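Notes follow the structure.
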Amino acid sequence: MSAFGGPGGGQINQKPIPPQRGSFPLDHDGECKHVMTSYLACMKKVRGVNDNECREFAKSYLACRMDHNLMARDEFKNLGFQDVKDSSNKGDPAKKGELRW
């Protein structure tokens with residue numbers, strides 16, 4: 001039996017769910033374009049790896065959007081930017097070629 005024409009085969013109406021953080025306006029005036037292009041160039045340079053340098057560009061981009069009222073102001077820790085501290089590198093810094101446990 002076909003689901004298209006059979007009884008009870010009508011579409012189920014579901015209420016659309018809004019995005020978690022709401023919607024925000026696009027940057028039509030290019031107020032943060034310079035930061036965005038720097039971020040995209042960084043991502044291209046590191047071939048898509050989540051590099052700390054690129055994360056700083058992303059953080060700057062979000063700060064620019066918040067400064068120009070293109071998104072709601074929020075703390076960076078809520079946007080996924082937390083102070084990343086590697087627990088394996090405690091104490092003095094490692095020397096090149098040194099194996100650390």
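Residue numbers in this text run from 1 along the chain shown.
Glycine residues also receive a Cβ, built from the backbone N, Cα and C atoms like all the rest.
Each of Cys54, Cys64 is a candidate, yet Swiss-Prot gives the disulfide link of Cys42 to Cys54.
Cα spacing between Cys64 (disulfide bond) and Cys54 (disulfide bond): 15 Å, rounded to the nearest whole number. Taking the Cβ of Cys54 (disulfide bond) as reference, residues of its chain lying under 8 Å away and at least six apart in sequence are, in sequence order, Tyr39, Cys42, Met43, Val46.
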